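Per TrEMBL, domain 'Major facilitator superfamily (MFS) profile' is recorded for 1-133. For 15-33, 45-63, 110-130, 164-181, 193-211, 223-245, 305-327, the entry in TrEMBL reads transmembrane segment.
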Amino acid sequence: MTLPAGHVADRLHRGRIFAACMALQAGVALTLLSATMGNFASRELILLISVVLGLARAFQMPAQQALVALLVPTNLLGRAVALSSTGMEIAVISGPALGGLLYALGPTNVYICCTALMVLATGLILAVHYQHKPSQLAASWSSLFAGVRFVWERKLLLGASSLDLFAVLLGGATALLPIYARDILHTGPTGLGFLRAAPAVGALTMSLVITRWPLRRHVGKRLLSAVAVFGLATVLFGLSESFWLSLFALTVTGAADCISVVTRNTLVQLETPDEMRGRVAAVNSIFIGASNQLGEFESGATAAMWGPVGSVVVGGIGTMLVAGLWFKLFPALAHRDHMEPQGKR
């Protein structure tokens, strides 16, 4: 549903789509609350709720990403994307901890809190005012796939979007963290929690730095360098038998990934006209979703063949090779200097 969701984001008011998705998720939380209190939760209900959540998030992401560029002037877009990443990382770090505390008091408290926060978020989104004239283009198969064609024809966008797919596909190690915590670092559940939080801490720190001191020059080279550093830190983590060194390596991966994410998202926003942002954001979401899901599969498959250390190390080396290969394949991306719109390339 991602491509249709991008098309909808370009034809309707993005803030209203975003708010509707949040309201739908509030309804999901309320349903879980009712099922828990009424003792009618079932496997079928959970599966249905999972489908509804998937649909809500499929429509939310293109509208949410395309909305940012309407809220700030172009010269502040990089900082806005970094600030958005900051909020996301704060949620990644604090959410599981707060959720655990609430769950200790009973699952109903979790669902009550989720429902209230989703309703609050819906109201806050609807309170945001911005100028946006939705596209009047009639729906067609051509317009549905226009985002795919737009990205394919612009090598800078194709390089930026596909970079995440292959870098995270090869270099992601999060799926193997439980094995590292138990068999290699011998840290137990508490240590695993720290290992899982380390990339988010690195990303949060870097997002604050970029918000204060945004990237202005040599953005293409810095993007590819960040991906290479991500791969190098992944190799370091793969070889490490020290808990503290592993924490450091994972923190660096989070910081490097933050530079990559903020730079790529800013470039995509800058190089896409407003009437196409929803559909291009949908294509970008497909790349991101594929990299995360396929990356976990790749980690498990290679770990079965080479063991967890071999899987992580080979993946990190592969990520560094991708950074070098993209420098050759996408010169428009590699030699991009300023964060300013430069048209079709």
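Just so you know, glycine gets a Cβ as well, placed from its N, Cα and C.
Per-stretch counts of Cβ pairs under 8 Å to the transmembrane segment (110-130) identify 15-33 as the leading one among 15-33, 193-211, 305-327. Only residues 6 or more beyond the boundaries of the transmembrane segment (193-211), in the same chain, are considered here, and those with a CB under 8 A from a CB of the stretch are 78-79, 82-83, 85-86, 89-90, 92-93, 174, 177, 180-181, 185, 187, 246-247, 250-259, 261-262. Helix, strand and coil counts from DSSP across the domain 'Major facilitator superfamily (MFS) profile' (1-133) read 115 helix, 0 strand, 18 coil. Long-range contacts of the transmembrane segment (305-327) within the same chain: residues 159, 163, 166-167, 170-173, 176, 179-180, 183-184, 224-225, 227-228, 230-239, 298-299, 333-334, each at least 6 residues beyond the stretch ends and with a Cβ under 8 Å from a Cβ of the stretch. Sequence-remote contacts of a segment are chain residues at least 6 beyond its ends whose Cβ falls under 8 Å from one of its Cβ atoms, and for the transmembrane segment (223-245) they are 160, 163, 167, 170-171, 173, 180, 184-185, 187, 191, 252-253, 256-257, 259-260, 263-264, 308-309, 311-313, 315-324, 326-327, 333-334, 336. Listed as Cβ neighbours of the transmembrane segment (164-181) (distance under 8 Å, sequence separation of 6 or more from its ends, same chain) are residues 187-189, 191-192, 195-196, 199, 227, 230-231, 234, 237-238, 246, 250, 253, 257, 260-261, 264, 287-288, 290-292, 294-296, 298-300, 303, 308, 311-312, 315-316, 318-319, 322-323.
Confidence for the domain 'Major facilitator superfamily (MFS) profile' (1-133), expressed as mean pLDDT, is 84.
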